[in-house]
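Encoded as structure tokens, the structure appears first; notes follow it.
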Amino acid sequence: MYPAHLLVLLAVCVSLLGASDIPPQPLNLVQFSSMIQCANHGRRPTSNYMDYGCYCGKGGSGTPVDELDRCCKIHDDCYGEAEKSQKCAPYWTWYTWKCGSDGPQCDDSKTGCQRFVCDCDATAAKCFAKAPYNKENYNIKTRCQ
């Protein structure tokens, strides 16, 4: 093998090692997004909830600013309980559900982590659908300290 080939091979190996440290996107968020659309019948895009209030989106702090933000805090707390009491990884837990006439419904045959996380998401999606959406509470993280 020529020295240039060895350098190329080494570069490929190093880049593959670096890529292995990049975590994949949580699968559960795809299901949660679909549940939200099921519950609100497509009236609001899921992206509207990604940076709303103090708790909708990644992390959360402060006091929820309204009913919708409280739904997000309850969902965050539910995921925390899933991690603590159920020893689940809620962002990675895949579950079975269907979209019924009254919103998302979890598969009754599932137990443990799958059912717990599904219930967290279904409850939140229904809560989102009932809560008013106030545009002035979108992208306000500076008020949530």
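Glycine residues also receive a Cβ, built from the backbone N, Cα and C atoms like all the rest.
Taken verbatim from Swiss-Prot:
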SIGNAL    1-19  signal peptide
DISULFID  Cys38-Cys99  disulfide bond
DISULFID  Cys54-Cys144  disulfide bond
BINDING   Tyr55, Gly57, Gly59, Asp76  Ca(2+) binding site
DISULFID  Cys56-Cys72  disulfide bond
DISULFID  Cys71-Cys127  disulfide bond
ACT_SITE  His75  active site
DISULFID  Cys78-Cys120  disulfide bond
DISULFID  Cys88-Cys113  disulfide bond
DISULFID  Cys106-Cys118  disulfide bond
ACT_SITE  Asp121  active site
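Take the mean position of the Cβ atoms of Tyr55, Gly57, Gly59, Asp76, the recorded Ca(2+) site; other residues of that chain with a Cβ within 8 Å of it are Cys54, Cys56, Lys58, Gly60, Cys72, Lys73. Long-range Cβ contacts of Cys106 (disulfide bond) within its own chain (separation 6+, distance under 8 Å): Tyr95, Thr96, Trp97, Arg115, Cys118, Asp119, Ala122. Contacts of Cys144 (disulfide bond) defined by a Cβ separation under 8 A and a same-chain sequence distance of 6+ are given as Gly53, Cys54, Gly60, Ser61, Gly62, Val65, in order along the sequence. Sequence-distant neighbours of Cys56 (disulfide bond): residues of the same chain at least 6 apart with a C-beta under 8 Å from its C-beta are Tyr49, Met50, Leu68, Asp69, Cys72. Cα-Cα distance from Cys71 (disulfide bond) to Gly57 (Ca(2+) binding site): 12 Å (rounded to the nearest whole number). Fewest Cβ neighbours within 10 Å among the recorded positions Asp76, Asp121: this applies to Asp76. Cys99 (disulfide bond) falls within a strand when secondary structure is assigned with DSSP. Cα of Cys99 (disulfide bond) to Cα of Gly59 (Ca(2+) binding site): a distance of 27 Å.
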